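A.B. asks: Below you will find the structure I want to go over with you.
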Amino acid sequence: MAMQREAGVQDFVLLDQVSMEKFMDNLRKRFQNGSIYTYIGEVCVSMNPYRQMNIYGPETIRKYKGRELFENAPHLFAIADSAYRVLKQRQQDTCILISGESGAGKTEASKIIMKYIAAVTNAQGQNEIERVKNVLIQSNAILETFGNAKTNRNDNSSRFGKYMDIEFDYKADPVGGIITNYLLEKSRVVQQQPGERNFHSFYQLLRGANDNELRQYELQKETGKYHYLNQGSMDILTEKSDYKGTCNAFKTLGFSTDEVQTIWRTIAAVLHLGNVEFQTIEDELVISNKQHLKSTAKLLQVTETELSTALTKRVIAAGGNVMQKDHNATQAEYGKDALAKAIYDRLFTWIISRINRAILFRGSKTQARFNSVIGVLDIYGFEIFDSNSFEQFCINYCNEKLQQLFIELVLKQEQEEYQREGIEWTNIEYFNNKIICDLVEQPHKGIIAIMDEACLSVGKVTDDTLLGAMDKNLSKHPHYTSRQLKPTDKELKHREDFRITHYAGDVIYNINGFIEKNKDTLYQDFKRLLHNSKDANLSEMWPEGAQDIKKTTKRPLTAGTLFQRSMADLVVTLLKKEPFYVRCIKPNDLKSSTVFDEERVEHQVRYLGLLENLRVRRAGFVHRQRYDKFLLRYKMISQYTWPNFRAGSDRDGVRVLIEEKKFAQDVKYGHTKIFIRSPRTLFALEHQRNEMIPHIVTLLQKRVRGWIVRRNFKKMKAAITIVRAYKAYKLRSYVQELANRLRKAKQMRDYGKSIQWPQPPLAGRKVEAKLHRMFDFWRANMILHKYPRSEWPQLRLQIIAATALAGRRPYWGQARRWVGDYLANSQENSGYEAYNGSIKNIRNHPADGETFQQVLFSSFVKKFNHFNKQANRAFIVSDSTIHKLDGIKNKFKDMKRTIKIRELTSISVSPGRDQLIVFHSSKNKDLVFSLESEYTPLKEDRIGEVVGIVCKKYHDLTGTELRVNVTTNISCRLDGKARIITVEAASNVEVPNFRPKEGNIIFEVPAAYCV
């Protein structure tokens, strides 16, 4: 440890007794002495000092650079340096996880870590690396402006989650990075709790911009004039200087003037939008204060009429039809607030993507694979407000996941590894919060799944309904309760509140708004409006607005599900890296630099699991490594193991090395790994290794470098010359041989299709593919030029049908003209008018939501069903489905029997002249048809036409080929039951018909029909 005098112990591991009383006593002494950092091994416990500390200057940075944790007093710089050294020495990705509740100092901790990394890198002073460092530092100012806000507990609270990967090259200099954001609390844009403020950006614009800028945005300095700002606190912080800092950060990150203008115009537009008011006059909804509407439209660069229409009306598209519905005042207010929240959320996401473009590694993908990263996680802390809503629910779930990760990595895995390796160990009990994570995220049973089910339900579903569903499904969960489940609990409001017992304590959530916030609905009208903005940057934020107005949009994933998935992805990312922990603690709720609230601090120590962490650390080991890797890294420091140890196993070699260096008292030998207890031992090993490496490298360079370079150069030069000449020769030979073979292709009947192409050389594989395409294009033109272009669609279908049937059915209508929609023809169908009406009705009111544009084929049929009955029906093939219709007597009524073409598994037909066809469905409900005309059997074969059309559409929809069976014994499934259809010739039959026989089906046809 450093020799300076400090209160208490610098590492909790050194406490003479492990108890909550001793832990708290040490924490209190250090806080009152101004020592805000204390270790638990390699975990840093950070107390928010609520004052400026003079411990972050250049001199302090130099003091911690390249030093081990135990060499200096505890500091965030030491944690940052440890993470950086692991990356530099082992090329191992690392991450620094900063956790703690809101106001505990997480954001400041992340900035201090970033400052240190920027200070200790780029020793050679390269301009590009210096630019990247500045961009990484300055990005924080922008993110705080647009993502942070004043809450009752924290003047600069992050209202979004941030994870930054800083990318380092092989010299361990920063070359780029990428920021991922999580769940911006956008509801704060339109409403704040008493004493809290909106995002800093609004106040910076009003109080920091000059008069000319405010006139340009048609704004006034008084925040009280704006509805979205006057609901909460109007305290003045440091907005004027912060505004200048934000604008300077924009310049540093390379934002153009146009982009910065878009950002501030959008912020101003949200303020004006909040002041738009609605009034109902003679049953008509109107906007009463047109000036704010006009200002909003101007700033968003849309027309006033378009904005007014989007706010007061809604376009509804269904079945290709478009209609407009008027809003009432309540709906208009909801739409306005939803628009304001969405605008700010999209702007924030766009700003982060723009920052990422500035800091993203500019090297090639090949280079990027070899880079290492340090991840810094600064995410919202655990929150308990007077009124806790959907946002607090998501934030606290996020903290549960991070706590679970900490438990998994620090407590659970470490103890399990000791037991697995045979290290003597006394198991330490701890609370595993997996049960709380499951309460939220468990599929089908968790709160998010219950919310999603409620959001997807048909009809009006209220928050009260959702709470009832949660009570029903979670009534027996030990960490969930509500007033309905606990009628005597007066703390909970009836039909409004529910309580979750989190690892950090009980939180009462108000259910009101959960459904709306989870759905996160925004009318398509607003997306179209902003996509059509003349501001190109704003338009870029709304790509969905380009969608056709008639197109019905799919229901997007809910906010809860998206957040759950993002948390799962974050955990996967963190598990790939070696973690370092900073556990932030809030000393009091008064933001005082002197008050140490015992109860408040002890509560945080308990739920963060710091005492359990201490017990594991005291009994555990600072480092462990597989024997083979340990020996590979340190073998050069011992004469007995360098250059290779041949006197036994890797374990024996490690033991020899450790005993020679006199570290045997500080290590334990597991089954597959060595465990080192003290960081001093690891430091000594690293120090000796670092002293040896220059000598080894110099020796190797002296002996080998010159020989390798000369040999490789000669080999490479010779190889390139030979390969280049050989490739050119083989390619010329191939092209000449091909030209000779294809010389008479134009005079051949098949235009050279039967000509065998020569085998291309390896260097000519790509050329061969291009030559094949050129030849196929030429040959197709030679074949098709004698046919009118109007016949090409039928010709294409006939080719598809011929390919599918593969010569297995001699008669398939190849010699006639194919019409397709026969029932729409008056010569084929006396009831064609009724048929056309039925098709129109089906198109406008699809039974299963599957719409279609056109009918590709239609015919009268005789169908056979699972009741062993045949009946006269009709069917159509559309561009997506196969529909069964009633017969002409019932005016072709839709029988609600549909097979989606993409759900077909195959088609079966017979080889004869009969018109039998079976459509096999993946749902085991096949369709069995015999094609007919209205009054008599068909005089022409139409099976080939049906096969060609269905096979083409199936390929269009799925990208794969549909199997076609040609046989007289067809297996099918009618309503799930397996049946066999046998085609039999019958001398006394004039018209084909079906009849049941012993559970199967006989299809009787005239003898002349059989092959």
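Each residue, glycine too, has its Cβ placed from N, Cα and C.
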A.B. asks: Identify the region 'Actin-binding' range according to Swiss-Prot, selecting from 429-451, 567-589, 705-727.
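C.D. replies: Going through 429-451, 567-589, 705-727 one by one, Swiss-Prot gives region 'Actin-binding' for 567-589.
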A.B. asks: Who are the chain neighbours of the domain 'IQ 2' (716-736) in space, where the CB to CB distance is under 8 Å and they lie at least 6 residues beyond its ends?
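C.D. replies: Sequence-distant neighbours of the domain 'IQ 2' (716-736): 758, 760-761, 763-764, 767-768.
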A.B. asks: Looking only at residues six or more beyond either end of the region 'Actin-binding' (567-589), which have a C-beta under 8 A from one in the stretch?
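C.D. replies: For the region 'Actin-binding' (567-589), the list is 27, 31, 42-48, 50, 76, 79, 82-83, 86, 92-101, 103-106, 109, 113, 153, 163, 180, 182, 373, 375, 377, 381, 397-398, 401, 405-406, 409-410, 595-597, 600-601, 604-605, 608, 610.
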A.B. asks: Please work out the number of neighbouring Cβ atoms within 10 Å of the Cβ of Gly105 (ATP binding site), leaving out its own Cβ.
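C.D. replies: A 10 Å sphere around the Cβ of Gly105 (ATP binding site) contains 23 other Cβ atoms.
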A.B. asks: Given a Cβ distance threshold of under 8 angstroms, which distant residues of the chain, six or more beyond its ends, lie next to the domain 'IQ 1' (694-714)?
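C.D. replies: Result: 636.
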A.B. asks: Setting Gly100, Glu101, Ser102, Gly103, Ala104, Gly105, Lys106, Thr107 aside, what same-chain residues sit with their Cβ within 8 Å of the center of the Cβ atoms that define the ATP site, listed in sequence order?
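C.D. replies: Neighbours within 8 Å of the Cβ centroid, excluding Gly100, Glu101, Ser102, Gly103, Ala104, Gly105, Lys106, Thr107: Asn48, Asn154, Gly381, Cys584, Lys586.
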A.B. asks: In sequence order, what residues of the same chain, 6+ apart, have a Cβ less than 8 Å from the Cβ of Lys106 (ATP binding site)?
C.D. replies: Ile98, Ser99, Gly100, Ser158, Asp378, Ile379, Gly381, Val582, Cys584
A.B. asks: Here the binding-site residues are Ser102, Thr107; which one has the lowest number of other Cβ atoms no more than 10 Å from its Cβ?
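C.D. replies: Each of the binding-site residues Ser102, Thr107 was scored by Cβ atoms within 10 Å; lowest is Ser102.
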